[in-house]
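Structure first, commentary second.
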Amino acid sequence: MAIAHFSASIVSRGDGRSVVLSAAYQHCAKMEYEREARTIDYTRKQGLVHQEFILPADAPKWVRALIADCSVAGASEAFWNKVEAFEKRSDAQLARDLTIALPRELTSEQNIALVRDFVEKHILGKGMVADWVYHDNPGNPHIHLMTTLRPLTEDGFGAKKVAVIGEDGQLVRTKSGKILYELWAGSTDDFNVVRDGWFERLNHHLTLGGIDLKIDGRSYEKQGIDLEPTIHLGVGAKAISRKAEQQGVRPELERIELNEERRSENTRRILKNPAIVLDLIMREKSVFDERDVAKVLHRYVDDPAVFQQLMLRIILNPEVLRLQRDTIEFATGEKVPARYSTRAMIRLEATMARQAMWLSDKETHAVSTAVLAATFGRHGRLSEEQKAAIECIAGPARIAAVVGRAGAGKTTMMKAAREAWELAGYRVVGGALAGKASEGLDKEAGIESRTLSSWELRWNRGRDVLDNKTVFVMDEAGMVASKQMAGFVDAVVRAGAKIVLVGDPEQLQPIEAGAAFRAIVDRIGYAELETIYRQREDWMRKASLDLARGNVEKALALYNANARIVGERLKAEAVERLIADWNRDYDQTKTTLILAHLRRDVRMLNVMAREKLVERGIVGEGHVFRTADGERRFHAGDQIVFLKNETLLGVKNGMIGHVVEAVPNRIVAVVGDRDHRRHVVVEQRFYSNLDHGYATTIHKSQGATVDRVKVLASLSLDRHLTYVAMTRHREDLQLYYGCRSFAFNGGLAKVLSRKNAKETTLDYERGKLYREALRFAENRGLHIMQVARTMLRDRLDWTLRQKTKVSDLVHRLRALGERLGLDQSPKTQTMKEAAPMVTGIKTFSGSVADTVGDKLGADPTLKQQWEEVSARFRYVFADPETAFRAVNFDTVLADKEAAKAVLQKLEAEPASIGALKGKTGILASKTEREARRVAEVNVPALKRDLEQYLRMRETATLRIVTEEQALRQRVSIDIPALSPAARVVLERVRDAIDRNDLPAALGYALSNRETKLEIDGFNQAVTERFGERTLLSNVAREPSGKLYEKLSDGMRPEQKEQLKQAWPIMRTAQQLAAHERTVQSLKQAEELRQTLRQAPVLKQ
């Protein structure tokens, strides 16, 4: 998971530092240090990914001329030399240097966009120069950002201290009348603002990337987590350690020991209360898997037995609820890990949603028609849509939401709404996660605003509390995490106030991040800006306004009067009519979409629509593409929908595309609208989350605009869903429904006017927690059928487990606690004797089973065999995905007896697993009978393919397990510490090797027998762990580059530092051993030559 490292230092001459040296190091460049007339060369340093040197928008001409036509490193060199020349003091402070960890969850391009966003908002906006570089060391992506401490002026640099200006615009003075000054940059308050700004932007970009992760920059203590903070051992600290070691003192060792003591203390705390790990994870993620748990434990636990015990205790914690079991993906055969959440998180979100529904039913904050009319009179430039949105949020309900893109007029609309509320006697305040967003709300809309954290702090202190005459406006609501959103909703409920949520359409997409905002608006509905401008007919725009105001019946009447509503007796007939009309109206020059609420309807409509196009020859049968939901066929002309965000492709969940080229498992599609069209190449092995896009769900269409829309109405619709479905079009919309089913439920208008639909259409479990969990999972895009089955099965398993308690668990844990000293009084710790030079890797972030699963999923031979299996399923069964789930392949893989029984059943009674393809009987057509014959013929072949796959998987599993265990055994080997005498010998050997005096090197090594034996043992350990000749090549001269990355893979930071320190000694030892082998080989060759010379020769 991402880490929250953000540190700052001042580059000061008093500390022996130079800003030019720092710049050269960070840019991995060669620079001239003009002050000392010397050259600094760091061009051999590796890891530079990206670099930028940026001036603020109002930078003076001299600095622009200074860096004109320079490279990034050249601009940095020129500017910082100018700073060095300007500062005259011997202890001058030259720049502020920030080191910031980047999230590994984002790609390099996403991280660059994140840093640019942060720099623009929090550095350049304050008039500072920003010199930043992106380094991507293995497992440690980070940036270095240097900023100026003086403002730029027209003739150079300004003063470091500036006069403080009061709120009245006047200079602030002390009691004695002196002007009060503050640092222009570099103060503690300034650091805190910049730091908070970084974490706000970081979480914003994680959410944009569809990543369910929130990074909290506060300390563990402030977060309420009972753990000790560990110490960051930076580059400077490690340099001090090396220097101290050369001098024979060990100050840095105390720091490392203190860090290890804190890790041990954290281990003890986790052992006593494993729920601490859940607290850590749930502050970042709402849904997690076992690897997330392992990553947290890996920070604190070294002992493999303790690690496994804690993994078990955490996953089996009563508070943890499994939402989805480990499963096999039908399309690829790859393992999908189990997904978990906590009961507390599920209840928190469910409580928040219930409170939101309760607020929507309380009509206490109405603004009168007269007040609204007066407000609209003063704001004559408001559009009809903005007026409709104001009427919506100024309605009597105590909660409302509005959605619109940037530039859609939200600020203008909120300014007018604020005036209306104030005229009606309400106090209007606002907040946002980011200080910049809250500042914009304050300045542009006139709404008194603070950050959400600031509001929480003030309320905790009893200041500026809400009351029943307050309206709270939350901007960028989609960026707010569930816990924080729940807190604000609860505060509004208790105070009798009203809350208005403002969000962006992208925040409605069904991805894991941002679920709190969706959980609310899915229930209460929202007003949308930029909706009625889509429709080109006046009467359609009027109908859209009616829908926005909740007047569904009026909107339906308008569409009915214009013959746009089609009712058939049965739903199946309505579907047939919809497809027939769609086929008749189909025009490749127009964008079209079929919308339905239920996934099964969408799947059916996609199949039927494509069949019509194939019949007409508009698209061909197409080529096979194995999607995440099974096999599909795509051909040039097909319309597709992307189902997952992918930055590398530039596609988002719900985006529509059109295929222009297709081959097996590869397509080229066009995405974008009009002037923004571009081509996207989709390879199945890299991206498989797509489907035919002729029809899609109403949820996925949120924020979309197309020319023509056809809607299939179902009884699961409500007022909000109807509003979304009937406002996606520009030119035309038609709605189809089955009259009989709607008549039984009060008619079309009554069903579509309902305030909200049922929580869920599933009722697998009457318990409230289970219904809440299903809704929770649905908000995050999980398959709720699988979630329901998983929870029911887990509940049954839990019931059965209670009958067979594990009696020795308590004894084992007690013994473990005694071994770790949990039951004993603290003892004075002493230095460990002969600590290893490089400790072995004893714990791993994933289990052997996890690694095996990953490698099995990537095995090309297994993949090919799985393609045979899935192809046979499609030959045999009418619905292969359903048949595959019925086989319960997880059990087949885990239990040989179960596998045998399933295969026998498959061969004897294939129809018991799923409906076979085709039909038999006198009513079956020739094509259907042929399909049934092919299906029956392929049943034995399917059994054989499955048996072959299981055999191959078992063989591959044994091989991978053996290799992985051998690898883990190898990397767990400790490289022993050397005695002072052995170290001295190897240092002399290294000097001799550097002089190319190898005989002398060997002489040093053989001078003492005991030392030679110690070096041989040391070399044996190095060989067993890293290989006999690994450190002999030229690329092994320095501990850097790909070789170092490979050898340090899986190590903790302190172990990587041990490896760097030990690298020269280990390399020397291997060079010595290699020279010994050469000498020995030459000696043996000479002995052989002498023997051959001395052998008698028989003459004929």
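Here the Cβ of each residue, glycine as well, is placed from N, Cα and C on the backbone.
In the three-state DSSP classification, Lys410 (ATP binding site) falls within a helix. Annotated ATP binding site per Swiss-Prot: Gly404, Arg405, Ala406, Gly407, Ala408, Gly409, Lys410, Thr411, in sequence order.
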Handout entry: Surrounding CB atoms that lie within 10 Å of the CB of Lys410 (ATP binding site), all protein chains
Key = 24
Exercise for the section: Tell me the Cβ neighbour count for Gly404 (ATP binding site), meaning other Cβ atoms within 10 Å of its Cβ, over all protein chains shown. Expected result: 23
Problem - Neighbour tally for Thr411 (ATP binding site), based on other Cβ positions within 10 Å of its Cβ - result: 20
Practice task
Around the Cβ of Gly409 (ATP binding site), how many other Cβ atoms lie within 10 Å? Please give the count over every shown protein chain.
Solution key: 17
